[in-house]
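Per Swiss-Prot, active site, nucleophile is recorded for LYS265. The [4Fe-4S] cluster binding site annotation in Swiss-Prot covers CYS340, CYS347, CYS350, CYS356, and the record cites sequence analysis as its basis. Taken from Swiss-Prot, the feature domain 'HhH' covers 244-272, and the record attributes it to sequence analysis. Annotation source Swiss-Prot lists site 'Important for catalytic activity' at ASP284, citing sequence analysis. Annotation comment: Swiss-Prot describes 1-54 as transit peptide, evidence class sequence analysis.
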Amino acid sequence: MILLVNGGAATSIHPNAARFYRIGTMSRQIHGAVSSSKHISLKTQHPLSDSNSELAYGASGSETRVYTRKKRLKQEPFEPLEKYSGKGVNTHKLCGLPDIEDFAYKKTIGSPSSSRSTETSITVTSVKTAGYPPENWVEVLEGIRQMRSSEDAPVDSMGCDKAGSFLPPTERRFAVLLGALLSSQTKDQVNNAAIHRLHQNGLLTPEAVDKADESTIKELIYPVGFYTRKATYMKKIARICLVKYDGDIPSSLDDLLSLPGIGPKMAHLILHIAWNDVQGICVDTHVHRICNRLGWVSRPGTKQKTTSPEETRVALQQWLPKEEWVAINPLLVGFGQMICTPIRPRCEACSVSKLCPAAFKETSSPSSKLKKSNRSKEP
């Protein structure tokens, strides 16, 4: 007795019937082999593994099952990636995000442009050029020197370096400190006159300032900018110098910056003049304005103008030779007082205007601009 399994149901048949069944099965296998020749090309393109072949030909309905498996094998999941990459797929990076180095300095040729890719390229360009001197800076600097030598500016005779120049070293350093404190938001002529009045009243030493009434100091330094606040600062600074520095002034940048009313510009200027210590460039409003007009400085990673004198100082120190750090301040301050003025600069009198990207862009007076706007409104 033989059990025949068909579609999950077991059936018993006679031995003779089983013999005829085996013969019929063999004939069907021969017929299936002939008919399967139609699929030779399909087998060549997508060969099955040995295990799949056994599954395909070991049961009824073999042709249908073979065709179904071959159709599934055609679906290759990585094929679409090759259409966009332009080269073979790097399989060990498929499951993770690309490294940052892949985007930092490389640009795919023929890739569609976008605003994000444009910003990245600008940033990379700015980073590459950071720390390198601007084009023609030597020629521009020499031209400014020649213009400055032909005409004196207020800073040449009334700058902070002239404060207390006739005093002993310790007293002179304190006078330089006071001159720097009073100089902010104040013209050199006004500042120099205030220092002269303090000297006439014996108030250029920390002992004298500490004992003086604050109201008296206010009257003597008026009309410097913020004279009320600066009188208060003078009293506090005098006390600090007496208590911490034995009547002298601080000799380090950090200690100077700890004094009330003293910022980076003043601290570097005081170190230059009082202690002959060069640790940075003194950048005031004139130096800040002129460096931006000349295109000498920009904000980190951009081509935009710097927004503060301190930001200008950091950018300028990245490329300006250190031997120029002291001279650049009075040079550009005088140039800003006489030619490259804050309002309506004299570009027509500037010998380096052809090298200045901002030349003749701020020379129009407000009245002329108003006239032009009125003309445009006329019918």
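Using the three backbone atoms N, Cα and C, a Cβ is placed for every residue, glycine included.
If you look at the domain 'HhH' (244-272), the same-chain residues 6 or more away from its ends with a CB under 8 A from one of its CBs are 160, 170, 173-174, 176-177, 180-181, 183-184, 205-207, 229-230, 232-233, 236-237, 278-284, 309-310, 313, 326, 329. In sequence order, ARG293, ILE339, PRO345, ARG346, VAL352, SER353, ALA358, ALA359 are the same-chain residues whose CB sits within 8 A of the CB centroid of CYS340, CYS347, CYS350, CYS356, the residues recorded for [4Fe-4S] cluster being left out. ASP284 (site 'Important for catalytic activity') has its Cα within 10 Å of the Cα of these recorded positions: LYS265, taken from LYS265, CYS340, CYS347, CYS350, CYS356. A coil conformation is recorded for ASP284 (site 'Important for catalytic activity') in the three-state DSSP classification, outside any helix or strand. The C-beta environment of CYS356 ([4Fe-4S] cluster binding site), restricted to residues of the same chain at least 6 apart in sequence and closer than 8 Å, consists of VAL140, ARG293, LEU294, GLY295, CYS347, CYS350.
Helix, strand and coil counts under DSSP for the domain 'HhH' (244-272) come to 15 helix, 0 strand, 14 coil.
Within the model, the domain 'HhH' (244-272) shows a mean pLDDT value of 97, rounded to a whole number. In the three-state DSSP reading, CYS347 ([4Fe-4S] cluster binding site) counts as helix.
Calculated from their C-alpha atoms, the gap between CYS340 ([4Fe-4S] cluster binding site) and LYS265 (active site, nucleophile) amounts to 20 Å.
DSSP assigns CYS340 ([4Fe-4S] cluster binding site) to coil in the three-state reduction, outside any helix or strand. For CYS347 ([4Fe-4S] cluster binding site), the count of additional Cβ atoms within 10 Å of its Cβ stands at 18 [all protein chains shown].
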